[in-house]
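This report concerns only the one structure given below.
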Amino acid sequence: MTLAVFFGCAFIAFGPAFALFVFTVAKDPLRVIILIAGAFFWLLSLLLSSLVWFIAIKASNSQDLTLQRGLLIFGVFFSVLLQEVFRFAYYRLLRKATEGLAAISDDDGSAISVRQMAYVAGLGFGIMSGAFSMINILSDSLGPGTVGIFGDSQYYFIITALMTLALTLLHTFWGVLFFEGCEKSRWWVIAAVVSLHLLVAGLSLLNPLYEGSLPPVYGITLLMGVWAFFSSGGSLHSLNALCTRRKAEGESS
């Protein structure tokens, strides 16, 4: 049973991200480099936020539960803001490195587009974020122990996997929107991305009240997905053309 939980949660949390990597990133060495660098920038933000968290914990009274709760909330929101700062720093780095990226690209034409960089960088952020969110929980799912035996929710593992999936997709969508906002100087888009990131982080603090956190997070994920689709040049016409072409290919085969 523990193996079933392990593989089930792993496939839920990382299946879509793995599919995106295989079909849209893995075949292009340049995209792989951008994805790994994006994951590294997310790790840097985690390192700095962990350092601040460690200092705050050591400098505070560990017996004061109210203070510890406040520090937890502060740590979550500070980490979110730091992630967005590093996302902006990564955008600036990629823009400055465009000519260098063109030199190592297999394409003889122009360098990789900003929209492609935004998607791949966002996916890198999301994969690394999901890995750190889920890896210890997957280890615990192998046992020993029984989830919910002391009255806690028995859906802890599956809910965590679903939240990890949502955050991975959200980071991908946020990457597209954030880079688009920076590229076109639409600061309200950047503010919206940061605000929604803070909102999702705040909703996670409602756990284990899962019915109060999971549905809103997936509502935001759907909204961000639609927004990122149209922001990256998608349209209802192109979507209809794709469906029509797939239907024609199916009939011809």
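Every residue gets a Cβ built from N, Cα and C, even glycine.
Residues or ranges marked as transmembrane segment by TrEMBL: 6-25 (among others). For the transmembrane segment (6-25), the list of distant contacts is 31-32, 35, 119-120, 123, 126-127, 130-131, 134, 137-138, 141-142, 157-158, 160-162, 164-165, 168-169, 172: same-chain residues at least six beyond its ends, Cβ to Cβ under 8 Å.
Here the transmembrane segment (32-55) has long-range neighbours at 21, 25-26, 71, 75, 78-79, 82-83, 85-87, 89-90, 94, 101, 112, 117, 120-125, 127-129, 132, 175, meaning same-chain residues at least 6 beyond its ends whose C-beta is under 8 angstroms from one of its own. Marked as transmembrane segment by TrEMBL: 32-55 (among others).
Residues or ranges marked as transmembrane segment in TrEMBL: 67-86 (among others).
Positions annotated as transmembrane segment by TrEMBL: 117-135 (among others).
Positions annotated as transmembrane segment by TrEMBL: 155-179 (among others).
The annotation transmembrane segment is assigned in TrEMBL to 186-206 (among others).
Residues annotated as transmembrane segment in TrEMBL: 218-239 (among others). If you look at the transmembrane segment (218-239), the same-chain residues 6 or more away from its ends with a CB under 8 A from one of its CBs are 115, 118-119, 162, 166, 169-170, 172-174, 176-177, 180, 196, 199-200.
Simply put, out of 67-86, 117-135, 155-179, 67-86 has the most Cβ pairs sitting under 8 Å from the transmembrane segment (186-206).
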